[in-house]
């Protein structure tokens with residue numbers, strides 16, 4: 001019987017779901033972070049996700065999550081317990097993240113940022129410093145030096161920036177980030193102007209901040225892009241050494257396997 005792990009990146013907007021084996025993440029899905037649903041409705045949807053990936057609910061041997069939405073955690077615990085007969089393991093509450101946390105108030109750091117930083121260090125141990133750039137609800141730059149999480153930078157996310165712009169602008173076209181060109185085009189429509197402005201604007205912001213971070217972090221430094229918009233931004237930027245949209249899910253998988261805890 002196959003053995004797989006069910007991994008959850010519980011964010012403010014979406015829950016990213018990963019199905020992984022001992023070698024890596026084999027499938028990923030996205031559901032909305034709906035705190036008004038029941039544990040049963042969530043559990044049934046998760047069971048369908050597992051079946052869609054070609055597995056049975058009984059194949060799930062562990063459920064592991066990072067969460068920045070505390071009100072969602074009881075729903076996920078109920079769903080995992082009832083539909084997979086597994087307790088939900090939360091990082092860092094149930095599984096410690098083996099990085100020295102140098103934040104002034106360590107409890108303020110989101111679990112997602114710590115897990116992504118941990119994953120970056122485990123996957124690329126060679127560089128002295130590594131920066132994980134996560135394009136999520138916010139765009140975060142998380143800095144690891146040696147085995148220490150130093151902190152980072154937080155900027156607006158692509159969706160949140162687009163939402164703020166739409167809130168103050170009438171008849172704003174939808175931003176798709178569908179840009180095929182390698183250089184920005186002088187837009188001759190509002191849609192093109194927005195898409196090129198966002199893609200190349202966020203790419204330039206990333207390049208500028210990473211250049212400045214390289215002056216304060218110990219060399220050599222590498223940069224990894226992750227999150228939903230990582231591929232779109234990385235296509236037009238040469239500042240990334242690695243692109244791993246599922247970095248956080250991979251971090252949860254490695255964290256669980258290293259912990260020795262049984263689900």
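The backbone N, Cα and C atoms fix where each Cβ goes, and this holds for glycine too.
Database features (Swiss-Prot):
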- 112: active site, proton acceptor (ACT_SITE)
- 9, 10, 11, 12, 13, 14, 15, 16, 137: ATP binding site (BINDING)
- 103, 110, 111, 112, 113, 190: substrate binding site (BINDING)
- 134: K(+) binding site (BINDING)
Going along the chain, which residues six or more apart from residue 110 (substrate binding site) have their CB under 8 A from its CB?
68
Largest CA-to-CA spread of substrate binders 103, 110, 111, 112, 113, 190, angstrom:
42
Over all shown protein chains, what is the count of other CB atoms within 10 A of the CB belonging to residue 134 (K(+) binding site)?
28
Taking the recorded ATP site as 9, 10, 11, 12, 13, 14, 15, 16, 137, identify the other residues of that chain whose CB atom sits within 8 Å of the mean position of the site's CB atoms, giving them in sequence order.
33, 68, 69, 136
Entries of 11, 13, 15, 134, 137 which, being binding-site residues, have CA atoms within 10 angstroms of residue 113 (substrate binding site):
134
Minimum Cα separation from residue 111 (substrate binding site), reported as the residue among binding-site residues 9, 15, 134 that achieves it:
9
